[in-house]
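What Swiss-Prot says about this one:
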type	residues	note
BINDING	Val26, Gly68, Val69, Gly70, Lys71, Thr72, Glu73, Asp271, Glu337, Arg409	ATP binding site
Amino acid sequence: MPSKTDFTSSTMTPREIVQELDRHIVGQQAAKRSVAIALRNRWRRMQLPEELRNEVMPKNILMIGPTGVGKTEIARRLATLANAPFVKVEATRFTEVGYVGKDVEQIGRDLVDTAVKMYREQAKVRVRTQAEEYAEERILDALLPRRSVGIGFDADADAIRQEPSAHESETRAKFRRMLRSGELEEREIELDVAVNVSMDIMTPPGMEEMGQQLRQMFSNIGGGKSQKRKLAIKAARPLLIEEEAAKLVNEDEIRAAAIEACEQNGIVFIDEIDKVVKRGDTVGGGDVSREGVQRDLLPLVEGSNVSTKYGTIRTNHILFIASGAFHLTKPSDLIPELQGRFPIRVELDALSKADFIRILTEPKAALTKQYQELLKTEGVSLDFTEDAIDRIAEIAYLVNERQENIGARRLHTVLERLLETLSYESPDRDGESVTVDADYVNAHLGELVKDPDLSRYIL
């Protein structure tokens, strides 16, 4: 059975979590600290006596800030650090019960699906060595079928299989050596391979869960079937290992442990929550449905039971982190009950020119490094000077100030436009070295920046 410690929350300290986030995200220290503390509190809670543990509720977080400043990126990086079931959803995907669309309980189902998948992968890793041994035996059986004698119509297939003779054992050992040395990789063998019976069922919007259950039902009805296939050994091996690993893991234990992990350590990130907020100066229309989504979210965040195909989960101790730009609305426009369920508020800062310079140079996978590596595949060596980085950051900042502020995403647009010609011609410029300096940037982008009408449509 999977150990209960397999999926306990991350044991990283808040300082270590912030340091890890710093490798990928520039600035926003307040948001990083809040997320790090919340993640550490998951671990702290699990160290308490069970009676007290059930009384400690997670302190949900609301992140507020303009688009492109790192809210979603924090969530994406958090997923890799959490070592717990984690799901990110957009609030705009959901509608009030009774309207066409997904209901908010789908969040709980998605979380359990994620946990079961993660647990299953962990279980398969643990039994992989044994699965590889079984797969090897099946390949050898296909290469050298074992002799069997018929005793009668009612005889069991395993009971009538004879022990291999000394000659057969020697031949089998020889083939095993050849198999392990890779000499037989291209040899074709005939195998009985399990068939996954899948049926595509079209369902109306909002009824995806019913469609999933119907697909599962038809899959179970047709389960256990196999078909003969001729495959090269190198293609057959991964299929057989996967099949044998699936036989070795205990699905019931995986499901039970996954539900436990969701209830105790699950984390849900709800993005774009400001898009389901009713604006104070409007009445009726779509705002009715938006407020309905908030009311549907409320029991989920407060703590309720959600039915999934793996069993019922309680959401009392799931950590919810919500984020939104709140351009046209305010956090106070959320319904009061939901406001109270997000006691920790964090405001993310708009990005300055200095932040853009850091974004272009500091992160592990900075945009400039990405372009350098991409063009290196064509044999082109790309280098950015300091004054080029400064000018790119300045242009991105100016365009954001002049038009809609889309934060760091503006850098993608500016760099793509700057390097468009080079990216197009790079296959014909193998072996060249290209240095991007301030003059190069001005030559390619200067006119666009000067003309507000052009930059509005191109940058």
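Cβ atoms here come from the backbone N, Cα and C positions, even for glycine.
Structure coloured by features recorded in Swiss-Prot.
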| residue | record | DSSP class |
| --- | --- | --- |
| Val26 | ATP binding site | coil |
| Val69 | ATP binding site | coil |
| Glu337 | ATP binding site | helix |
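All chains included, 26 other C-beta atoms sit within 10 angstroms of the C-beta of Val69 (ATP binding site). Taking a C-beta cut-off of under 8 angstroms and a sequence separation of 6 or more, Glu73 (ATP binding site) has the following same-chain neighbours: His24, Ile25. One residue stands out among the binding-site residues Val26, Lys71, Glu337 for having the most other Cβ atoms within 10 Å of its Cβ: Lys71. In this record, ATP is bound by Val26, Gly68, Val69, Gly70, Lys71, Thr72, Glu73, Asp271, Glu337, Arg409; the longest C-alpha to C-alpha distance in that set is 34 Å.
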